[in-house]
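*Asks:* First, the structure itself, so that you have it in front of you.
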Amino acid sequence: METGQTVTPLPLWNIVVIAAIAAGIQFGWALQLSLLTPYVQTLGVPHVWAAFIWLCGPISGLVVQPIVGYSSDRCTSRIGRRRPFIAAGACFVAVAVFMIGFAKDIGHRSGDSLQNPTKPRAVAIFVTGFWILDVANNMLQGPCRAFLADLSSNDHKRMRIANAWFSFFMAVGNVLGYAAGSFSGLHKLLPFTQTTACDVYCANLKTCFIIDIVFLLSITITAITTVKETPITRKEAGDEEDNEGRSSGRAFFAELVMAFKTLKKPMWILLLVTCLNWMAWFPFLLYDTDWMGAEVYGGKVKGSASQQKLYDEGVRAGALGLMINSIVLAFVSLGLEPVSRL
């Protein structure tokens, strides 16, 4: 995303408020990581196929963020070039989370049998919602980071502070999400979530996602209504393209290829390290709670009542471990910037 638009430096609280959106994004992401791999198996999806559902994350990140970034840089909306995408992304997240949380109920009403271990309609709704969620998360996160860069007014120190706050609120969202995932009695706050098609585990997940919807929308509405953005004109959007030697008719992906061709060797090394880091980290995130439930606690998703209980306890213990990891991340996020100046 381009962040070259010159704006007058605003008070630090503007940066903090926009960065706080990361807490709402990461709240739902933490719920995904801790609960959805075990949950999808209750719908009848074999364990080996669960990873294929998660492919939407890398694919949407590869495709959606660059497209949204390109469009956001040239958006001439009267409310600004970042806020429309932030608002739309938050709304899509809310819709997707609702579909995931209520997949069993909607599937049952559509004809899924309670006796059949595989629930095809619920699976279809879940997978659709899951893919929409990852696309919406990428649609929301990119413009948030670009908005922070705009608010930093090309001040490198201010940008480091903005990134530190964004990372801090990501950690806060993780803590809240993993804490919610580790608590087995959360459904008691919303008793209506437990239905004929949705057992206690499902009701807990549904309650977590309802809280996530309210939390994210509250933060997003507060952020985009309190922090104003100066819109750009069509002429300014055209000037940005001209200054970079671009023509408005040039294909976006051709520009993306050109950008890669101009990268220096240190940047390629940095990208390679990031790639290898995520290759190692992502499998752990996908299966850690499932591994705790099945291997450490010796439970089964579809075993006897006692085996199901052990599996559930293991999943929540795994979520608790991830919460502790996120607490450490929160402290490191705020401490890294001042330490880097030493």
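Placed from the backbone N, Cα and C atoms, the Cβ positions cover glycine too.
So TrEMBL lists these for the protein:
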TRANSMEM  12-31  transmembrane segment
TRANSMEM  51-72  transmembrane segment
TRANSMEM  84-102  transmembrane segment
TRANSMEM  122-140  transmembrane segment
TRANSMEM  161-181  transmembrane segment
TRANSMEM  209-227  transmembrane segment
TRANSMEM  268-287  transmembrane segment
TRANSMEM  317-336  transmembrane segment
*Asks:* Counting only pairs 6 or more apart in sequence, are there at least 3 Cβ pairs under 8 Å between the transmembrane segment (161-181) and the transmembrane segment (317-336)?
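*Replies:* Since 3 or more Cβ pairs under 8 Å link them, the transmembrane segment (161-181) and the transmembrane segment (317-336) do come into contact.
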*Asks:* Against the transmembrane segment (84-102), which of these stretches has the most C-beta pairs under 8 Å: 12-31, 51-72, 268-287, 317-336?
*Replies:* 12-31
*Asks:* Using a Cβ distance cut-off of under 8 Å, indicate which of 12-31, 51-72, 122-140 has the most pairs with the transmembrane segment (209-227).
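*Replies:* Checked against 12-31, 51-72, 122-140; highest Cβ contact count belongs to 12-31.
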